[in-house]
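Everything on this sheet refers to the single structure shown next.
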Amino acid sequence: MLDLTDVSSGYGETQVLHGLSLRAAPGRVLAILGRNGAGKSTTLKTIMGLLPAKGGSVSFGGRKISGMTPFDIAKLGIAYVPETRDIFRSLTVRENLDLAARRFPCPNGGWTIDRVIELFPRLGERLQNGGDQLSGGEAQMLAIARGLLMNPRLLILDEPTEGLAPIIVRLIHDKLAELKHQGLSMVLVEQNFGFATSLADDVVLVSRGQVVWQGTSAAIRADTDLQHRWLGV
Amino acid sequence: MTADLGFWVLQTLNALQLSMLLFLLSVGLTVIFGLMHFVNLAHGSLYAFGAYMAASLAGVLGYWGGFLLAPLAVAALGAVLYFTLIRSQRRAGPMAQVLITFGLIFVAVDATRLIWGDLPIGIAVPAVFEGQLALLGVTYPIYRLFIIALGLAVLAVLTLVLTRTQVGAMIRAGVDNDQMAACLGINVERMFFLVFVVGCALAGLAGAVAAPVLSVTPDMGLQILIPTLIVIVIGGLGSLKGAVAGSLIFGFVQTFGAVLLPTFNSVLIYALLAAVLVIRPEGLLPAKG
C-alpha cells in the first residue's frame with residue numbers, strides 16, 4: 001500500500017534519510033523503531049510531503065506521491081498525527097473536528113464526529129473548549145480523532161505516547177488496537193518498545209537514515225540482542 | 001478647553017475615524033502576514049492605488065462608482081501581484097520579501113506620478129454625506145461619521161466570517177499552523193490567494209474612503225505604511241483582535257497626543273511601540289499559533 005524506495009530526505013542542507021526503503025502492507029500496522037535522531041519522524045514527514053524527497057520515491061496505492069503537496073497527499077487518504085499534535089489553538093475542539101469532518105464525509109459507515117466521541121468520550125465533554133485548553137492526553141485524542149475523521153486509508157502516527165501519563169498511554173494503546181482490529185492500516189513511529197511491538201504486526205529498525213532490520217513484531221520481541229544493539233532496550 | 005465635554009467628544013470621534021482607516025489597512029496586512037508569513041511593505045501602495053482609482057472613477061461614475069470599483073481594481077492588481085511576485089517569493093524568507101515589496105513601493109510612487117502627476121487630487125464628498133451633524137454638543141462632518149460606521153461594519157463582517165463560517169475556521173487554522181491545515185486536506189494555497197486578494201481589496205477600500213478627507217498624493221502610501229506597521233506590531237501579528245486594538249491605540253494616542261501633549265506627540269507612539277516590544281514582544285493580542 002505504501003512503498004518507500006531508496007528515499008533521501010532531510011532539513012535544508014542536512015540530509016537525514018540516506019536511501020531508506022520500506023513497505024507498509026494494507027490492513028497491517030507497521031512500527032518504525034530506532035534511537036533518537038535515526039530518521040523516524042523525518043520518514044513520516046517525507047511520506048506526508050512536509051519534507052521533499054531529494055532522492056528515491058514514495059508511492060501510495062501504486063501512485064507516486066513524492067513531489068506532491070501535503071494537501072494532495074491528504075486527499076489521497078493518508079492522515080497524519082504529528083508528534084507535536086498540532087491542535088489548532090485558536091479553534092474549539094468541535095471546530096478542530098469539523099475541519100476534517102467536512103472535508104472527508106463518508107456516508108456509509110465512515111467516521112463521524114459522533115463516532116469519534118464514542119471512541120474518545122472525553123472529547124465530547126470538551127467540545128466547546130479551546131484547542132489551547134487541553135491536557136496532553138486530550139490533545140492526543142483530538143489529534144487521532146481528527147485524523148480518523150479524514151476517513152483515511154492509512155493513519156500515520158508520530159510518537160503517540162510521548163509525554164503522556166501511563167494511564168493515558170494504556171487508553172491510547174487500547175483505542176489504536178481497536179482501530180487495528182477494525183482493519184485500519186497504520187504506520188507508527190514510537191520510542192516505547194512495548195507499546196509499539198504489542199500493536200504492530202511488522203517492524204522496521206532505522207539507524208542513520210537507513211533500514212537496518214525488518215521483520216515481524218514477534219521476531220523482534222524474541223530477539224534481545226537485536227533490541228539491545230539497535231534500540232538500547 | 002479640556003474641561004469642555006465637546007472637546008472630548010470631538011477628539012474621540014477624530015480618533016475613531018483615524019482608527020477605522022488604519023483598521024481597514026492593517027487587518028489585511030496582519031492576516032496576510034499571519035497566514036502566509038509574508039511581509040508586504042507595498043500594502044500602503046495598494047491603499048494609494050485605491051485612492052487614485054476612486055478619484056479617477058468618481059470623475060466618470062460619481063463617488064459611489066469609485067467607492068465600489070476601486071477595491072475591485074486593487075483586488076485585481078493584488079491578484080496580478082500574487083501570481084507574478086508574491087507566490088514565488090513566499091518561501092524566500094523575510095529579507096527577499098522586504099526588498100522586493102520595498103522596491104514595489106518606489107515603482108508604485110513613480111507609476112502614480114506618471115499616470116496622475118505630482119499634484120494632489122481632491123475628490124468631493126458624496127452628496128448624501130455632505131454637511132455636519134450635531135452630536136453630543138458638537139457638530140461633526142457626516143462623511144467622517146460614515147468612515148467610522150464603515151470601519152465598524154467591516155469589523156463586524158470580518159468577525160462573523162472568521163468566527164462563524166467554515167472559511168473563517170480554515171483561515172484561523174491556517175494562521176495557527178498552515179502545514180497541519182494542509183495535512184487535513186485544506187487547500188492552503190487557494191486560501192492564501194483569497195486572503196491576499198481580500199486584504200488588497202480592503203486596502204483599496206481604505207484608500208477610496210480616505211480620498212475625500214485626505215489629499216491624494218503619490219507618497220500617501222508611503223506615509224501610511226509606518227502607522228500601519230506600528231498598529232500590527234502593537235496589536236500582535238496575525239490577529240483580527242490585534243488589528244482592532246492596535247488601530248484604536250494608535251488612533252487615540254495620535255489624536256489626543258496632538259492636542260494634549262503637542263510637544264511630545266511625534267515620539268509618543270514610538271515610545272509606546274518600544275514599550276510594547278520590550279514588555280510583550282509578540283504584541284498585545286497576537287494570534288495563538
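Cβ atoms are placed via backbone N, Cα and C, with glycine included.
So that you can see what the record holds, here are the features copied from TrEMBL:
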- B:20-39: transmembrane segment (TRANSMEM)
- B:70-86: transmembrane segment (TRANSMEM)
- B:98-116: transmembrane segment (TRANSMEM)
- B:142-162: transmembrane segment (TRANSMEM)
- B:192-214: transmembrane segment (TRANSMEM)
- B:220-240: transmembrane segment (TRANSMEM)
- B:252-279: transmembrane segment (TRANSMEM)
Report summary line: Taking the transmembrane segment (B:220-240) as reference, the highest number of CB pairs under 8 angstroms among B:20-39, B:70-86, B:192-214, B:252-279 goes to B:20-39
**Report entry** Paired segments the transmembrane segment (B:192-214) and the transmembrane segment (B:142-162) in contact, 3+ CB pairs under 8 A
**Finding:** yes
Query raised in the report: With an 8 Å cut-off on Cβ pairs and a sequence gap of 6 or more, do the transmembrane segment (B:20-39) and the transmembrane segment (B:252-279) reach 3 or more such pairs?
Result: no
Query raised in the report: Under an 8 Å Cβ to Cβ limit, what residues of the same chain, 6 or more beyond the ends of the transmembrane segment (B:142-162), are close to it?
Result: 13-14, 16-17, 19-21, 23-24, 27, 125-126, 129-133, 135, 168, 171-172, 202, 205, 209-210, 212-213, 240, 244
**Report entry** Distant-in-sequence neighbours of the transmembrane segment (B:252-279), which means Cβ under 8 A and at least six residues beyond its ends
**Finding:** 2, 7, 11-12, 14-15, 18-19, 227, 230, 233-234
